Amino acid sequence: MILCIGDVLSLAELQQILSLIADAEFVDGALTAGWNARLVKNNRQMPKGSLQQRKIEEIILAALERNLLFQMAARPKLIHSILISCYEAGMSYGTHTDDALMLDRHQLMRTDISFTLFLSAPEDYDGGELKIESSEGEQAYKLPAGALILYPASTLHRVEPVTRGIRYAAVSWVQSLIRDPQEREILFDLQTVRQQMFQESGKTRHFDLISKVYANLLRKWAEL
C-alpha cells in the first residue's frame, strides 16, 4: 500500500524545522547508504546525532505519534532514526531498494515501510520527484511541504535529479507490528470502515461485530 498523508507537520513545526536546517551542517549522504546503493546516492545529509538532527527528529516523531492515519497505516513497532536529506541542483538518488535489516541505536530492525516527509515546497525546486516502481508501473510523487508518503520498503524507487533549487526531506523506515503488507491493509480498511460506521450510526450491533473482527485479526497478526 502506498499512502500520501497531508499536513503531518503544522506550519509552526515546519518553520521550526527549516530554521534548524538553516543552521545545520550537511555531509555526504552516501555514508549512510548500503554498499550497492552508495553507488547511486548523490545527496547531502545532516549528521546523525547532531543537535539539529535530534531536535528535528523530536518534532517529527511527536507529529507521527499524534497522526491517526500514519498510526493506522504503519502500525509502528520501531521507527529508525530520522535522516534529513538535502538535494541541490545536479543531485539525485538512483534506483535502489532499501536494506531489509538496519542497525539503529544498537538494535537490529526489519524495514517493512519507508516514508519520506517533504520539507520543501514543490515550487521551490524543479525535478526531485520520488519515483516508486510497482506492478502497476512507475509513479512520481512531489508532495507539499509537511506532507508524507508511506510505501513498502521492498519497492525499487529513486529520487530524480534536482535541476533548480534545493529539496529538503526527512526519510525513515518503520518496523511494523504487522509484518505482512496485505494484513496491514486489511486492518487499515477495517479500521476505516468501523470509524465511519461509528460516526454515522454510533455503537450498533454491526459496529460491535466488525470491531470484534478487527480486534481478533490484530491479536492474531501482531508481532510484539
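Using N, Cα and C of the backbone, Cβ positions are placed for all residues, glycine too.
HIS157 is the residue from HIS106, HIS157 that Swiss-Prot records in the Fe cation site together with HIS96, ASP98. According to DSSP, ASP98 (Fe cation binding site) is assigned to coil rather than to any helix or strand.
Working note on the binding-site residues HIS96, HIS157, ARG167: by count of other C-beta atoms within 10 Å of each C-beta, ARG167 ranks first. In the shown protein chains, 20 other C-beta atoms lie within 10 A of the C-beta of ASP98 (Fe cation binding site).
Other residues of the chain with a Cβ within 8 Å of the Cβ centroid of HIS96, ASP98, HIS157, the Fe cation site, are ALA37, TYR93, THR95, THR97, SER114, ALA153, THR155, LEU156, ARG158.
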